[in-house]
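Below is one structure, written out as structure tokens, with a few remarks after it.
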Amino acid sequence: MSFVAYEELIKEGDTAILSLGHGAMVAVRVQRGAQTQTRHGVLRHSVDLIGRPFGSKVTCGRGGWVYVLHPTPELWTLNLPHRTQILYSTDIALITMMLELRPGSVVCESAERVAPSGERPGLPRGAVAGWKPSPSSSMIRSSPATNECTGSGSVSHAIIRTIAPTGHLHTVEFHQQRAEKAREEFQEHRVGRWVTVRTQDVCRSGFGVSHVADAVFLDIPSPWEAVGHAWDALKVEGGRFCSFSPCIEQVQRTCQALAARGFSELSTLEVLPQVYNVRTVSLPLPDLGSGTDGPASPDTSPFRSGTPMKEAVGHTGYLTFATKTPS
Ligand SMILES: C[S@@+](CC[C@H](N)C(=O)[O-])C[C@H]1O[C@@H](n2cnc3c(N)ncnc32)[C@H](O)[C@@H]1O
């Protein structure tokens, strides 16, 4: 199993996503001899997971069943054990597109984030209306041997999947412990060869590379302080820049720094998706006054309709994009 390539059979050491029913999922690390307690009963990794194809429907101890899914960056984003300040797929999709990422791209990112164990989850950023954080993490208890996957790297996994097999991600995280956990997690997910994690302050020391990047992505509190380093990391022939900030004051300072450094095509976007429920509804037919004396038409007619969900997603953050053009 790798986050960038599909493999058919589940092996020891793989990360698997257990789908427990509507909206309930959990990530587990597959280990011989380990067990995972689910609301449907116990799942024995040696018997129920190892050697079976991803996608299998597996019966648990109490007779209920789960689907065992191959991990993807999107599923990982939804199943991080400690959900904290991470980006979700809606914003990540726009970032990937607007940065023009593709296989072979070289990307600099700050920062990969791995939540320290015990950290309380924060407000999800970029979570789509209609999607609720999986309640499964509180319902599932893995035996110590299963070693629940910790950390996040929500954006990093999506970037790596997009730029593989010939691209590279340089990610900077100034917190020593988090950077170490990020390295471990990338190895566990078998994407380590596409990413270099550096432990340094991006605002002081930059990304540790010069003139190699096609794109730079920042998700830090003071992105304006890293704009000069982003310019230096981007290729001489140019590239794309993106910064995520929750507050408009951060955006203003970043835009000023971008313009001062010579970036062009500045634009700031916010994604506010509207989710629709598709259901059958009955509405009274309008009386168009046909003027005939024939039988009256029925006053309702059921049809399929999309109705917006009552709760729409709120503000997550602003995505500021810019271009470095060759001088
Ligand atoms: C909001 S999180 C990034 C989340 C990540 N984009 C994701 O979706 O998983 C911000 C991270 O940036 C790190 N950080 C903040 N300022 C930094 C700096 N100047 N240099 C390096 N890392 C920094 C913090 O330690 C934190 O882990």
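From the backbone N, Cα and C atoms, a Cβ is placed for every residue, glycine too.
Features of the protein shown, as given by TrEMBL:
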type: BINDING; residues: GLU173, ASP201, ASP219; note: S-adenosyl-L-methionine binding site
type: COMPBIAS; residues: 133-144; note: compositional bias 'Low complexity'
type: REGION; residues: 116-149; note: region 'Disordered'
type: REGION; residues: 287-309; note: region 'Disordered'
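The maximum pairwise C-alpha distance among GLU173, ASP201, ASP219, the residues recorded as binding S-adenosyl-L-methionine, is 13 Å. According to DSSP, ASP201 (S-adenosyl-L-methionine binding site) sits in a coil region rather than a helix or strand. Looking at GLU173, ASP201, the binding-site residues in this record, the fewest other C-beta atoms within 10 angstroms of the C-beta turn up around ASP201.
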